[in-house]
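To keep things clear, I will list the structure first and then write my remarks on it.
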Amino acid sequence: MEFFLDPSIWAGLLTLVVLEVVLGIDNLIFVAILSEKLPPNQRDKARLIGLGLALIMRLALLSLISWVVTLTSPIISNNFFSLSIRDLILLIGGLFLLFKATIELHERLENEDHENTENKNYASFWAVVIQIVVLDAVFSLDAIITAVGMVNQLLIMMIAVVLATILMLLASKALTNFINIHQTVVVLCLSFLLMIGFSLVAEALKFYIPKGYLYAAIGFSILIEIFNQIARHNFMKNQSRKPMRQRAAEAILRLMIREKNNNKNRIKTDNKAEIVLSSSLETETFKDEEKYMINGVLTLAGRSIKSIMTPRSNISWVNTEKTINEIRLQLLDTPHNLFPVCKGELDEIIGIVRAKELLVAIEKNIDVYTFASQIPPIIIPDTLDPINLLGVLRRAQGSFVIVSNEFGVVQGLITPLDVLEAIAGEFPDADETPDIIKEQNSWLVKGETDLHSLQQLLNTKELIKQDDCASLGGLLISQKGQLPLPGETIKINSFSFHIVNATEYRIDLVRITKN
């Protein structure tokens, strides 16, 4: 009992436990890396068995203290070097550590797939356990000799080794999980093992490297990695604040971006391998149409209804107050299949009719108002989001839906074709001209052109800063503060917008140049 009341005993025990843990950190790192080679359900078992056998081996070595001490006596000696059993063990262990760490580093640097658990070839369970025990034998030797040099009581040494091993067991799973989550730490740990293996070989050959240098290098590397992990954590935190859809869009768009210099600076070569690689890159590159469509799909949910719809000014509608002959001529001259039928003005919608069916009804002298009222319009608010709009269009069964504001004023209409154009680009009707015409060093653009489509064509994100503007004309009016006159030029970031044609109430045509 007096044995445990001695403060010096407790101080020696505490110091020895700390030293055993410090000396066991390199072993712990190697255990964590080896455990990853096993299936997830076997990792804990291998770790426990490996460290458990290592504990038994350390206790056995402690019980043979007198024999362990003699391991430092030279067995090979000449004028150039001398080697003891301890030196041989350190040499073999150091070389094995260098070999194993180099193989692991090669796999990491070659970027082999460590995440595909379905097709991953796992190592044998007992092969990993044996490696853990063998490496622990090398690391144990230093720990046991340190214990013998510090404390005289065998019981204290055994207690310290047991406590240190228990702490290592508790920390091993957390360390393994941390390394599995943070893959950059694996490369850092393997670099540590290379340093440790080199120091073991140097020590065995009597080239003494101060431990302080080794620990200082490891400590500094850990500090740099801590900064790296903090930076990565902050980056992920900032990314998590973005909507999931935006993050997915940015990630996919980054995959589609191709460096223009890769095409401009491509060097012609007769090397067959380089030709094959070049052609494969050509085939794997996203085409402009594919980029446009993928971007359209990913950004669809974030757009407003106004940016998708056919605006009020472009709606062809049938006025019941016109004569039958006027209505017949309108139906025959306009290349549309569906028409809203209204009484006097567009806001007084009676119904939606097909041109062919209405012509047949007129020939049968059926009243236009009565015929149109059989198919009432589907009206949606201009605040509806595009995702819910798709469900409404499905219920419309091939017809279109009318977009109205909170005051009941018709803003436009949307057909399934409008949604397709928002994704894949413009499909002009027979009576339409393209919204955007590419000139030599500029673009000739209609004022009613959708801003999202224009942004994609110009490959910029500088135009849409708020949701109030859906068209180019609306953007320029908002930028100017009033309706600009023909001949005026408005500059927005790196683009110049020259007003080619404008009326008293809208912008018709704009020429865009990049500064």
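Easy rule for this one: first residue shown is 1, then count along the chain.
Cβ atoms here come from the backbone N, Cα and C positions, even for glycine.
Among the features that Swiss-Prot reports, domain 'CBS 1' is placed at 309-368.
Per-class residue totals from DSSP over the domain 'CBS 2' (372-432), listed helix then strand then coil: 21 helix, 13 strand, 27 coil. Feature annotation from Swiss-Prot assigns domain 'CBS 2' to 372-432.
Annotated transmembrane segment per Swiss-Prot: 14-34 (among others), in sequence order.
The transmembrane segment annotation in Swiss-Prot covers 49-69 (among others).
Per Swiss-Prot, transmembrane segment is recorded for 79-99 (among others).
The transmembrane segment annotation in Swiss-Prot covers 125-145 (among others).
According to Swiss-Prot, the feature transmembrane segment maps to 150-170 (among others), an assignment based on sequence analysis.
Marked as transmembrane segment by Swiss-Prot: 185-205 (among others). Long-range contacts of the transmembrane segment (185-205) within the same chain, counting only residues at least 6 positions beyond its ends with a Cβ under 8 Å from a Cβ of the stretch, are 26, 29-30, 32-33, 36, 81, 83, 87-88, 90-91, 93-98, 100-102, 104-105, 108-109, 138, 178-179, 214, 217-218, 221-222, 225, 229.
The transmembrane segment annotation in Swiss-Prot covers 207-227 (among others) and rests on sequence analysis. For the transmembrane segment (207-227), same-chain residues at least 6 beyond its ends with a Cβ under 8 Å from one of its own Cβ atoms are 184-185, 188, 191-192, 195-196, 199.
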Can you count helix, strand and coil residues in the domain 'CBS 1' (309-368) using DSSP?
23 helix, 15 strand, 22 coil
Reported mean pLDDT - the domain 'CBS 1' (309-368):
90
